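**Q** Got a structure here, written out as structure tokens. Questions coming.
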Amino acid sequence: MAKASQLARAHLKIYGKVQNIGYRFFIHRKAAACGLTGWVCNCNSTGVEAVFEGEKEKVEECVAACRKGPRFSKIEKVDLEWQEPTGEFKSFVVR
């Protein structure tokens, strides 16, 4: 486990063409590969919301993946809020 100072938490809202194209599952695979915890879900008819928690470098890697998205996505805007990690999650899930 990383030291507390090396842990990070990012809360994102991603807007654009991110639904019905496998975006949440793309993010789930990336987060799982990075060993992160948290969740991803559709937040309304035009967006996806996600929380990543874990090693700062890996969280930053997943944030970058959110900005790029999978093949058929078109990212228009990403709202990012860095928060204090809480350790509340046991895994990364699609909601």
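Glycine is no exception: its Cβ is also placed from the backbone N, Cα and C atoms.
Here's the feature list from TrEMBL:
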type	residues	note
ACT_SITE	Arg24	active site
ACT_SITE	Asn42	active site
DOMAIN	9-95	domain 'Acylphosphatase-like'
**Q** Provide the number of Cβ atoms within 10 Å of the Cβ of Asn42 (active site), excluding the reference atom itself.
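**A** The answer is 16 other Cβ atoms.
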**Q** Calculate the distance in Å between the alpha carbons (Cα) of Arg24 (active site) and Asn42 (active site), and round it to a whole number.
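**A** For Arg24 (active site) versus Asn42 (active site), the Cα atoms are 8 Å apart.
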**Q** Could you give the number of helix, strand and coil residues in the domain 'Acylphosphatase-like' (9-95) as assigned by DSSP?
**A** 24 helix, 39 strand, 24 coil
**Q** Across the whole of the domain 'Acylphosphatase-like' (9-95), what does the mean pLDDT come to? Round it, please.
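**A** Taking every residue of the domain 'Acylphosphatase-like' (9-95) together, the mean pLDDT is 95.
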**Q** Including all protein chains shown, what's the count of other C-beta atoms within 10 A of the C-beta of Arg24 (active site)?
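**A** Cβ-Cβ neighbours of Arg24 (active site) within 10 Å number 21.
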